[in-house]
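Worksheet: one structure, shown below.
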Amino acid sequence: ADDLTTLRNGTLDRGITPDCTFNEKDIELHVYSRDKRNGIILKKEILKNYDLFQKSQISHQIAILIHGFLSTGNNENFDAMAKALIEIDNFLVISVDWKKGACNAFASTNDVLGYSQAVGNTRHVGKYVADFTKLLVEQYKVPMSNIRLIGHSLGAHTSGFAGKEVQRLKLGKYKEIIGLDPAGPSFLTNKCPNRLCETDAEYVQAIHTSAILGVYYNVGSVDFYVNYGKSQPGCSEPSCSHTKAVKYLTECIKRECCLIGTPWKSYFSTPKPISQCKRDTCVCVGLNAQSYPAKGSFYVPVEKDAPYCHNEGIKL
């Protein structure tokens, strides 16, 4: 999983400066469907030259997953999410593997320079995702309303850059972007052009789980602050809380129960009790969040163990 905790020390274990430079040819696409549950690896160029997607696949909703710093496209948490998306909603899942640009080869170092390179690479990956989207729309006739992006950490901001680029290409907007604890370091003071922003898709959902490694301001149509968005139950390290955002969404996709967000005006205010929640005031985290009318900031209480719900018997 992603590990921004390496930034805390700011030193190198091996006394070297990592080279996290990469180009488009280094990016792989891990494609999952009910026919290929374990995934196959493709390159964008192959998709351009051959009709590899069947019409039956393309007609489904498509989720494009984008990992973050030090991670890979087939990390165990994304793999679990892909399987849930396939099993529950028959999605076509495409995980963008930009591990070289995310410094995955230097996972044992405590390096600020490597992270800075990875931050710079997010724009290039965002453009790649937008160009890939253009291919889906123009060659495979996929409507933009069928495509959502799900990005964790740096991948959340990468999703935002892709969202900006598809609009520049006049393709329209993605149906949704879900930002899973969008990365904080190097983004804390950034304005919309330089981070994930609510205008990057028709609907932007952000799930905040770590005040140390994630941003602590609103970036979406709805911003869920799980356990006040600071640290998560059962986690002693910031990286654990940072990764919990992925696990929470996966459980929400399974729909065993609903993580309920209750209106929360600011950090200094008291969240509205879940017992007072109604469908027009509160929101369930997950793929159906758009179906609820409320927008803004929401506090989400959780339990320590999966499926994490702490709903006091309330159903929306």
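Each Cβ is built from the backbone N, Cα and C atoms, and glycine gets one as well.
Annotation comment: Swiss-Prot describes S153 as active site, nucleophile. In the structure as shown, the Cβ atom of S153 (active site, nucleophile) sits within 10 Å of 34 other Cβ atoms.
Among the features that Swiss-Prot reports, active site, charge relay system is placed at D181 (among others). If you draw a 10 Å sphere around the CB of D181 (active site, charge relay system), it holds 31 other CB atoms from the protein chains shown.
Feature annotation from Swiss-Prot assigns active site, charge relay system to H242 (among others). Over all protein chains present, the Cβ of H242 (active site, charge relay system) has 30 other Cβ atoms lying within 10 Å. Look at H242 (active site, charge relay system): DSSP puts it in a helix.
Within 10 Å of the C-beta of C103 (disulfide bond) we count 25 further C-beta atoms, all protein chains included. The disulfide bond feature in Swiss-Prot is assigned to C20-C103 (among others).
Mapped onto three states, the DSSP output places C192 (disulfide bond) in helix. Sequence-distant neighbours of C192 (disulfide bond) (same chain, 6+ residues apart, CB-CB distance under 8 A): T199. The disulfide bond feature in Swiss-Prot is assigned to C192-C197 (among others).
Just so you know, the Cβ of C235 (disulfide bond) picks up 17 other Cβ atoms within 10 Å once every protein chain is counted. Per Swiss-Prot, disulfide bond is recorded for C235-C240 (among others), and the stated evidence type is similarity to another entry.
Other C-beta atoms found within 10 angstroms of the C-beta of C284 (disulfide bond) number 25, with every protein chain shown included. Reduced to three states, the DSSP call for C284 (disulfide bond) is strand. Residues or ranges marked as disulfide bond in Swiss-Prot: C257-C284 (among others).
In this view, C309 (disulfide bond) is surrounded by 21 other Cβ atoms within 10 Å of its Cβ, with every protein chain counted. Mapped onto three states, the DSSP output places C309 (disulfide bond) in strand. Look at Swiss-Prot and you will find C258-C309 (among others) tagged as disulfide bond.
On its own chain, C277 (disulfide bond) has I260, T262, I314, L316 as residues at least 6 apart in sequence with a Cβ closer than 8 Å to its own Cβ. Taken residue by residue with DSSP, C277 (disulfide bond) is part of neither helix nor strand, so it is coil. What Swiss-Prot lists as disulfide bond is C277-C282 (among others), and the listing cites similarity to another entry.
Feature annotation from Swiss-Prot assigns signal peptide to 1-4.
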Cα-nearest neighbour of H242 (active site, charge relay system) within the listed recorded positions, C20, D181, C235, C282, C284: D181
Assigned conformation of C258 (disulfide bond) - DSSP reduced to three states: coil
Close recorded positions near C284 (disulfide bond), where close means Cα within 10 Å, chosen from C20, C103, S153, C197, C235, C258: C258
Rounded to the nearest Å - Cα separation of C282 (disulfide bond) and C258 (disulfide bond): 11
By Cα-Cα distance, the member of recorded positions C20, C103, D181, C258 nearest C197 (disulfide bond): D181
Listed disulfide-bonded residues (C20, C197, C240, C257), ranked by Cβ neighbours within 10 Å, top entry: C20
